[in-house]
Structures are given as structure tokens and as C-alpha cells.
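Q: Dropping a structure here in C-alpha cells format, bear with me for questions.
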Amino acid sequence: MQKRAIYPGTFDPITNGHIDIVTRATQMFDHVILAIAASPSKKTMFTLEERVELAQQATAHLGNVEVVGFSDLMANFARNQHATVLIRGLRAVADFEYEMQLAHMNRHLMPELESVFLMPSKEWSFISSSLVKEVARHQGDVTHFLPENVYQALMAKLA
């Protein structure tokens with residue numbers, strides 16, 4: 001039986017830090033679902049469809065990654081996808097408290113759902129989609145932090 005994992009997030013937009021995490025997850029699991037949350041409560045720069053397309057392009061080189069959008073409760077989505085592992089990236093101690101709360105709630109809702117936390121490579125440990133967008137809005141160079149297709153899409157949005 002295949003070991004299926006879900007790496008959920010808003011990915012607005014997907015960064016090289018996210019790519020680092022999903023790439024490493026593909027070495028641990030047979031199938032990784034990059035699950036892009038609709039996040040209606042967040043004001044996203046990119047639509048769900050745009051985020052899915054950008055992530056599909058950025059992960060096309062990874063053979064065992066499937067990119068899907070979702071708007072369901074994470075535990076329900078995981079159950080429907082026959083996944084028993086959630087992948088989460090932890091950049092700093094500040095991420096841990098929130099992620100721990102999510103992990104406990106998800107486990108309450110779906111007891112067989114395990115959360116696996118991966119630390120990004122040092123090179124990406126300080127970046128976030130929000131920070132990259134903010135720097136780009138002020139004409140800072142963010143080429144190093146984004147896949148090329150995502151960089152081009154971000155520049156087009158900001159033009």
C-alpha cells in the first residue's frame with residue numbers, strides 16, 4: 001500500500017522554501033499531495049486556480065507530486081485522499097505553537113492522521129510568501145526565493 005502524505009498550505013505564492021519541503025517529502029513518501037487551500041478568509045494575491053497552476057508548473061519535475069486545490073476541513077480532505085500523514089514546514093519557534101494546535105485538532109478529528117514537521121534548509125528558513133510579496137512590492141529582488149514561473153507571475157501581478 002502506498003504511503004500518501006499531504007502538504008497543505010495557501011501557497012500565495014509557492015516559494016523555493018515550499019519547493020524544498022515538498023522535494024524532501026517526495027523522498028519520504030510514495031505520493032505527496034500539494035494541497036492548496038482556498039482560504040476564503042485570507043486576501044490572497046493569486047486566485048486558487050492561479051496558485052494551483054503555478055504550483056503544478058513549479059513541481060512538474062517531481063514525479064510523485066499531485067497538486068490540488070481544496071476548501072474542505074483538512075481532516076476530511078485527508079480522509080478522502082486516503083492520506084495518513086500531514087507534512088508541515090517549521091521555520092522558527094514561532095511556527096511551532098500554532099502548528100502544534102493544528103496537529104492536535106487534526107488528530108482529534110482523524111486519529112490516524114500524523115503530522116510530520118520538516119525544517120526548511122537553512123537557505124530558506126527565513127522566507128515566507130508574505131515576506132516575499134512585501135519585498136517585491138517595494139522593488140526588492142526576490143528572484144532567489146521563487147521558482148522562475150512564480151517570479152514572472154508575481155511581477156505581472158505587481159505591474
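From the backbone N, Cα and C atoms, a Cβ is placed for every residue, glycine too.
Among the features that Swiss-Prot reports, substrate binding site is placed at Thr10, Lys42, Met74, Arg88. The feature ATP binding site is assigned by Swiss-Prot to Thr10, Phe11, His18, Gly89, Leu90, Arg91, Glu99, Trp124, Ser125, Phe126, Ile127, Ser128, Ser129, Ser130, with sequence analysis given as support. Look at Swiss-Prot and you will find His18 tagged as site 'Transition state stabilizer', backed by sequence analysis.
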Q: Looking at Cβ-Cβ distances, which residues of the chain lie under 8 angstroms from Lys42 (substrate binding site) while being 6 or more apart from it?
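A: Counting only residues 6 or more apart in sequence, the Cβ neighbours of Lys42 (substrate binding site) under 8 Å are Thr10, Asp12.
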Q: Long-range same-chain neighbours of Ser125 (ATP binding site), Cβ under 8 Å, sequence gap at least 6?
A: Gly17, Arg91, Ala92, Met119
Q: With ATP as the bound species and Thr10, Phe11, His18, Gly89, Leu90, Arg91, Glu99, Trp124, Ser125, Phe126, Ile127, Ser128, Ser129, Ser130 as its recorded binding residues, calculate the greatest Cα-Cα distance and give it in Å as a whole number.
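A: Roughly 18 Å, rounded to the nearest whole number.
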Q: Looking only at C-alpha atoms, tell me how far His18 (ATP binding site) is from Arg88 (substrate binding site), rounded to the nearest Å.
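A: One finds 10 Å between the Cα atoms of these residues.
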Q: Roughly how many Å lie between the Cα atoms of Glu99 (ATP binding site) and Met74 (substrate binding site), rounded to a whole value?
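A: Computed Cα spacing between Glu99 (ATP binding site) and Met74 (substrate binding site) is 13 Å.
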Q: Let me check the 10 A CB neighbour count of Ile127 (ATP binding site). How many other CB atoms are there?
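A: Other Cβ atoms found within 10 Å: 21.
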Q: For Thr10 (substrate binding site), which of the three DSSP-derived states applies: helix, strand, or coil?
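A: DSSP assigns Thr10 (substrate binding site) to coil.
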Q: Relative to the Cβ position of Leu90 (ATP binding site), how many further Cβ atoms are located within 10 Å?
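A: Summing over all protein chains shown, Leu90 (ATP binding site) has 17 other Cβ atoms within 10 Å.
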